[in-house]
Amino acid sequence: MKKTKLLNASLSHHIATLGHTESLVICDAGLPISNQVERIDLALEAGVPGFLQTVDVVISEMFVEHAVVAKEIREKNPQIHDALLDSLRKLSEQQGNCIAVEYVEHEEFKVLSSESKVAVCTGEFSPYANIILYSGVPF
């Protein structure tokens, strides 16, 4: 049995097989997922697991180069936005790189998310709690 934070075998496998610049989406319960993207549905009930909890577990195993979020999160969900930026700042320090955060319109976010290898669906019931994480390399 693994002793790291992430125990979900399928999610761990997807992170391990991401190539440089390939992406993974972590989303709330409402984001539409393209049929072309593999879905890992972690949602058990409203709020479980939460978006931020899921982000923290995923980034404990993933080397992140940059991220994309919807512009709307800043106004419609400032608490999640601020906590998300804090998590990414801490990750930047741990990794020794600068993780650029790009803001796009929500409609563009949905298009970009359809290009990801996998979507991790949470039980989050708050607006615009979605992020696309792009894989980097630790060298």
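From the backbone N, Cα and C atoms, a Cβ is placed for every residue, glycine too.
Going by Swiss-Prot, these are the annotated features:
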ACT_SITE  His20  active site, proton donor
BINDING   Asp28, His106, Tyr128, Ala129, Asn130  substrate binding site
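Here the residue listed as 'active site, proton donor' is positioned 24 angstrom away from Ala129 (substrate binding site), judged by their C-alpha atoms. Contacts of Asp28 (substrate binding site) defined by a Cβ separation under 8 A and a same-chain sequence distance of 6+ are given as Phe51, Thr122, Glu124, Phe125, Ser126, Pro127, Tyr128, Ala129, Asn130, in order along the sequence.
The residue listed as 'active site, proton donor' sits 24 Å from His106 (substrate binding site), taking the C-alpha atoms as the reference points. Report note: the substrate site is defined by Asp28, His106, Tyr128, Ala129, Asn130, and the residues of the same chain whose CB lies within 8 Å of the CB centroid of those residues, excluding them, are Cys27, Gly30, Leu31, Val69, Ala70, Glu72, Ile73, Asn77, Phe109, Glu124, Ser126, Pro127.
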